[in-house]
């Protein structure tokens, strides 16, 4: 033994010991909170098992049943038992919410929660092991509280969910085994190891003290050896060294052969007494928002509940491996509750600072109000807090004092006092809430009137310029008055209005108005601008032509922020879509759609063209084809649809023959535009350093061979640490998604979970990935974990279909999928539900993309057509669709330009076509 020895201790293992102890003592709220903060889980699970655990701990019961569907066809899997476990937990939680609502005297919500509980009970009937079990569950409906039943005396959602997972885990472990990649995560702490180590540590201190007393001649009797134990402070032997072990090693062997009397150690543990109030708060708070009957429902736990329990049991699937983050979920819940599904998801995404949309709120948990649309300052904001700030403060005091004060009355008296005190508060709240809802309805009517003015007020050519200017000024004055009512900052708006009036005056003398902030130009006689007013922006314009009322205009892309130029310039709406109207009748679709977009460039190849991608700057686009050829073409400097009666060949700036050994299936530019990645059925990913100015390669290719099948899609995102580009790639073969640090040339992660070939990828938010697969699912992945954080199936109606393309709108709230059954699905990411599934095409939808402002959805299909869907209306109802392009063979990919109203389409007819808006 050397003079110095080293013992390696991992903090992760210490946390696992603590987690095991908390689990053994049923302190599951604390256990899950520790998992959330540390990112450590006490267990050895596969990625799929971790995801199943996350779904159960989140209370996503429908998703759990959907996730487990592939196992239900196996004979060995006890489908009936598994469904019984899940549905029983769902029933108990619905019952728990019902009890909490009853205690708070909320009759409006009580009916809904009772209905939810009854529905769960009916679903349980066919899966119950016996009639007696079903009768016992029915009996629970008659109890005032679930905890009044002896079996559920100590029941709480956190513990119940953990136990539910443990039971489910035993059933599915055989089918979802831990995989070899997780073996380094360490072993699971068990058998109350922390308690054992504490006791052994105490005994070690006693031994050290006893040996020291023998060495110094101090007399300590055998009965006194254990009397000096102090678990919290120790006995003074705090030095961590090997002196005792070294001393024992120097003792002669004969010492250890001496006979001794074996003694037993009796350990008496004073059990922890949990506060009864904490347990009740756990029942009250985490489940109510989960069962909200509609998005605008004001059911939210009171802020004062944070004094008793700060952890939400319904967190977002956006965070740590264990899925316990509550911050983003709280934001998501708020967003869902303030916007009915009839509002366009695009309306949420306004990049400007000022935002007048009543459905958009401050997404900050520290802000407890939205932009109030009423000059009445005492009106409570129901979307953010169910009671006014004064009432909220009173509620906080009334609940915190009994929990913490020394002069607490009995529990029954406390509850009666709280209920009596809260009755008046809730009555006042409902009165104020009714006033506020009426006020919102009035404001919504005004907003619709303003929008009607926008659509009708500036399109009649027969009105003289003076009348048009008067209309503009009248609308501006009304809008300014409206802004004042809404208490929104008006800094600098006066200058903008002056500039608008000057521009209106200037437009009298000449008809030359710019129509683009980039190179998009039109002749003076055809130029136009539209009067537009969205939530936080005002523009003015002159009409286009007498027939423009039947024309489908694309207006500004970003409805926020002033786009006013200098005094010598005209108002230039940013190229892209806007809150303009794309609505039209079905009969007009085929007749007028060809006029909306015209073909200006066609690139021909010898074989089918699969992949296209615009450079981030918009001046170039890459094309990859089955002929193994990679091209980079120039985007036209000037876009003039009238000058392109006959489509021209684009200028090819860069070309490389046989770039791959096989067909090029996908191409992608890095965010900085300096890397061009391609994927092929030769199973290689190539990354080409590229200079956009010289249009040439700037270094040797990077080649990655981690895939064992065709690479079907690629995507880039910025690296959070190195700042370099992170390449995301996926395809056939092992069905994994691979992430690669291109700056270092190193692989980062292999994300497994899909059971079919991955056909599509999409990235957003700097760390989120969406993937579509032939296994008929879309998976969301969080690279901060990294693991799958949500699975979205396509079996909402029917048997589902392979997902060929995925896209997420710029706000990160709406997912669009293109599927092989000719359907498109719109999915509310934050709400966790499907908004609509519709069939815009008659064959496979191979490409879907949101316009940069998310007002329109571009789709390409094997039916040879390219269509645009208007997303500005009620997303739950039939959406306006128009044909904007057509090929002679299957359409494979479509991509919007980064700035202009243009898009690329690639096809099996061996062409790539550039289409632009025929403005």
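Heads up, the Cβ atoms here are built off N, Cα and C, so glycines get one too.
Swiss-Prot lists 517-551 with the feature compositional bias 'Polar residues'. If you look up Swiss-Prot, you'll see 10-42 marked as domain 'LisH', on the strength of sequence analysis. Look at Swiss-Prot and you will find 45-102 tagged as domain 'CTLH', backed by sequence analysis. Under the heading phosphothreonine, Swiss-Prot lists 285, 542, citing a large-scale study or a structure entry as support. Residues annotated as phosphoserine in Swiss-Prot: 289, 292, 297, 312, 422. The annotation region 'Disordered' is assigned in Swiss-Prot to 393-421, 500-590. Taken from Swiss-Prot, the feature repeat 'WD 1' applies to 604-643. Here Swiss-Prot flags 659-698 as repeat 'WD 2'. According to Swiss-Prot, the feature repeat 'WD 3' maps to 706-748. Per Swiss-Prot, repeat 'WD 4' is recorded for 753-791. If you look up Swiss-Prot, you'll see 798-837 marked as repeat 'WD 5'. Per Swiss-Prot, repeat 'WD 6' is recorded for 840-879. Swiss-Prot lists 886-918 with the feature repeat 'WD 7'.
Broken down with DSSP, the repeat 'WD 1' (604-643) shows 3 helix, 19 strand, 18 coil. Broken down by DSSP into helix, strand and coil, the domain 'CTLH' (45-102) contains 48 helix, 0 strand, 10 coil. Two recorded stretches are said to be in contact when at least 3 C-beta pairs lie under 8 angstroms, sequence spacing 6 or more; the repeat 'WD 7' (886-918) and the repeat 'WD 1' (604-643) meet this definition. Tertiary neighbourhood of the repeat 'WD 1' (604-643): same-chain residues 516, 518-523, 526, 598, 649-669, 671-673, 676, 678, 680, 688, 690, 692, 695, 889, 892-893, 895-900, 902, 904-912, 914, 916-919, selected by CB-CB distance under 8 Å and a gap of 6+ residues from either end.
According to DSSP, the repeat 'WD 3' (706-748) comprises 0 helix, 23 strand, 20 coil. Each residue in the repeat 'WD 5' (798-837) has a pLDDT score, and their mean in this model is 92.
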